[in-house]
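*Asks:* Quick one: this structure, given as structure tokens, is what I'll be asking you about.
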Amino acid sequence: MDESSSQNQIGGGIPSSSATNRQNLDEATPRVQYSIPGILHFIQHEWARFEMERSQWELEKAELQAKIAFLNGERTGQENLKNDLVRRIKMLEYALKQERAKYHKLKFGSDLVQGSGEPPPGLLDDLGDDAGRLDGGIGDTSASILSCTASNASWKQSRQLLRQYLQEIGYTDTIIDIRSNRVRSLLGISGGEGSGEEGTGGGGTAPTINGGSELTAAKRPADQTPLRWTQPKKSMTSLEAQIKDAEKAVLENFDFLASEADMEVDDDDDDDDQEEEDEMNRMKGAQNLDGDEEGDAVDSLDQDFRYLSGSADLEDGSAAAAAGFGSRGVFVGGGGGPVGGEEDALEGLGELAQLTVTNEADTAYDISSSKETYRKTWSAKYTLRSHFDGVRALCFHPSEQALITASEDATLKLWNLQKTVPAKKSLSLDVEPVYTFRGHMGPVLCLAITGDGEKCFSAGLDGDIRIWNVPSINVDPYDSYESSVELGSLSGHLDAVWGLCCHPHRPQLLSCSSDNTVRLWSPQPLRAPLLSTYHLLKDGVPTSVDFVYESSNQFVTSFDTANCVIYDLETGKPVTRLDTDSADSSNTGSNLTRQINKVVSHPTLPLTITAHEDRHIRFWDNHTGQLVQSMVAHLDSVTSLATDANGLYLLSGSHDCSIRLWQLDSKQCVQEITAHRKKFDESIFDVAFHPTKAFIASAGADALAKVFV
Amino acid sequence: MKMADQTVILRRNRAGTKAENFYKWADEAYEEMDSTLVVQQFIQQSIRRSHTNIDAILAAPETQDEGVWKYEHLRQFCMELNGLAVRLQGECQPATCTQMTATEQWIFLCAAHKTPKECPAIDYTRHTLDGAACLLNSNKYFPSRVSIKESSVAKLGSVCRRVYRIFSHAYFHHRKIFDQFEASSSLCKRFTVFVTKYSLMSRDNLIVPILDEELVPQQGGESQA
């Protein structure tokens, strides 16, 4: 009010001589400018300032929130990873236990089947857990499943239930048994039981386990195996269609069994084992299985089993186990081919996955989903420049960060990825070779390295296969010449050698040549290295060769006629002829355009993968020879394939200048990388996975090789 | 693609190709090559046609940049010299050829080491070829195979001088191997014509008498070693 009054005074324009008045005047002089627009302007200015500050704060807040979200995401990522790893650990633990139990049983099978004591708590944590949960749910499970299976109409419903229970109890003994019965009945080995479903259904009402108990008990660990396969994906009819293979698979598995039966069981009195046995029995008891049928099944499988005369020392228990293995074979064969969504976890386990299976049925889904989220993206890191002409082949050292390349410039080069040259661009590093192998007189076309990384083999247009001692990867590139690096050569082929394959565990080398032969060598004693020559004239010119890793004594060869055949290593006779004639004929060119450029065998599954000139990659079932899947994979002919050591991913290279990474279970392309340039109409000759480290590599006609991490 | 298959020859050495058919496809005109490796393709194509027709091999297409032309030829020489090195590996022992010599006039020191040293002839050969491979593939000096800096082209002369010593050593100490190799590739003759044509080496250094007298039979095989 004072102010306003003084303003009024000033406004009045009355001059005053009093001190106070003068003071007022002095103070008031600037106030004269407080006009309405001035105030408004001031307020607007202030408001704008506040607004700006607010928006800054908001920005800051958003930033912090983003950071929080990012960190949260990272955390969940880590957690998922951790869960994933824990799962894997559990799986492995469980697998180990299973193995122990199995060995125990093979030796003392009949001794242990009668007991059914409670497991001491705490000894077998997760197994006990599962078993406990199983105890609760198992009666229901079997009952409902058994009744449901009475007709095909209710099959779907039971499948739903199955899934539910799988998730709930994570333990599926009953299911496996039922399915094994079902398959057996389909196989026609269940005697006069009528149809399998009815038989099983009848069995479901039988209240107790009968004479077949020891068989079922012994069978259990084996039965667990097919768990993943048997998750109902296929209809019964398709199962029927594959029965033949199943039988074959049964027989094949006996070999494996024989060796296993001979193995010593180390820890016989192990509490864990005992307990596990007991538990098995208990669970079996709860399943109310029809013993007669079980017995019949085992009998008939036993007949098959006689093929195994060599392993005469098998006892009853182990025989029963053998039957169990047989049924495993059935499932592997009959599970609708090796391609299923659930493969992921299995493949993650590698070898082990074939022997035992996890206790949690849904693990597969979890793992695959977590993989989906935290998938690695590969990027070019090393460029390997030193060759003068196209790089035809490359292979990684099995354990070191090193690789060998083979080129049309007639040399091989050894590269140590840890010895890099700083390059202009920081993104990729240049590597210089640490050693150059000189010995070939013409283009080198193929390359293979032994499992221990000590020797490598190369072959090319001159038809000789050369053997090399792989020098230390820390060798001085300008050291003096050591003639001991060259170990000699394997002569025999009369024309260009296009494919070499060295078995990772056995001293065996396969080579295929355009002289229409495939040869098997034993490069260890150099006196008589040639073991066999397979003349394959009628199928065409062999283009690529690989061992079949899933079976011990077979190899697969592809031809320029698009044929692809699995042969027996001993006899040289065809075992399975992949049905390439009826393969989708969307591209009906001449034989040349459908030619197979590369064939690889899956490291663990009975699956063969072929790369075709007609841009396709095709997947084949080794047992049936049937096409599993065919896909247009590239824009130009596919030249090379590689699978990682676990069989989870497939890498393909093509003359369209790109390499592609595929997830093997879903057959989805995960990544595409344009890697090389064209020389004439060729671009990429070879791709490779490092067997133990996270590296992939490609070799191109532009004389470069690239390594991706 | 299917259309293209029918109209265009795909120049590919598919797996299973017999040795005699390797690279045996219809020649492609220089103008039609659209790859970044066109010069290499063109040179190799001319050599495969006939390795004795040196003038044709060294005749650059009109539009061709001379630096790249020289560079690609030198790459090709170093690559083919590998064939001579392989042959020498069998005979040229460190014990017998303790130094890289041609005539008694010079001992060549190996430049691959930090301080040049007297490597045995076979080591000199290998080191020189390895060093040439590194230099010619160096991302620093030759980042592109389509255009090359003038300063990098200057490096080609020293590579030529060094690799020529392999010819001269073979000629004066392993004549049989030299003659065999020359018969199959005419490489030394082509190299001599090449360095003369582009003045990459002085005439004094060209001590192998290959142009003046026709010492070497010219009806070699087709191998391109």
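For all residues, glycine too, the Cβ spot is worked out from N, Cα and C.
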*Asks:* Scan A:54-102, A:299-347, A:348-396, A:397-445 against TrEMBL and say which stretch is down as coiled coil.
*Replies:* A:54-102
*Asks:* Quick check on the repeat 'WD' (A:384-425): DSSP residue counts for helix, strand, coil, in that order please.
*Replies:* 0 helix, 25 strand, 17 coil
*Asks:* By a Cβ-Cβ criterion of under 8 Å, what residues six or more beyond either terminus of the repeat 'WD' (A:490-522) are in contact with it?
*Replies:* 398, 445-451, 457-467, 529-537, 540-547, 555, 557, 567, 569, 691
*Asks:* On the 0 to 100 pLDDT scale, where does the coiled coil (A:54-102) sit on average?
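*Replies:* Mean pLDDT across the coiled coil (A:54-102) comes out at 93.
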*Asks:* What does DSSP give as the helix, strand and coil breakdown of the repeat 'WD' (A:490-522)?
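*Replies:* So the counts come to 0 helix, 17 strand, 16 coil.
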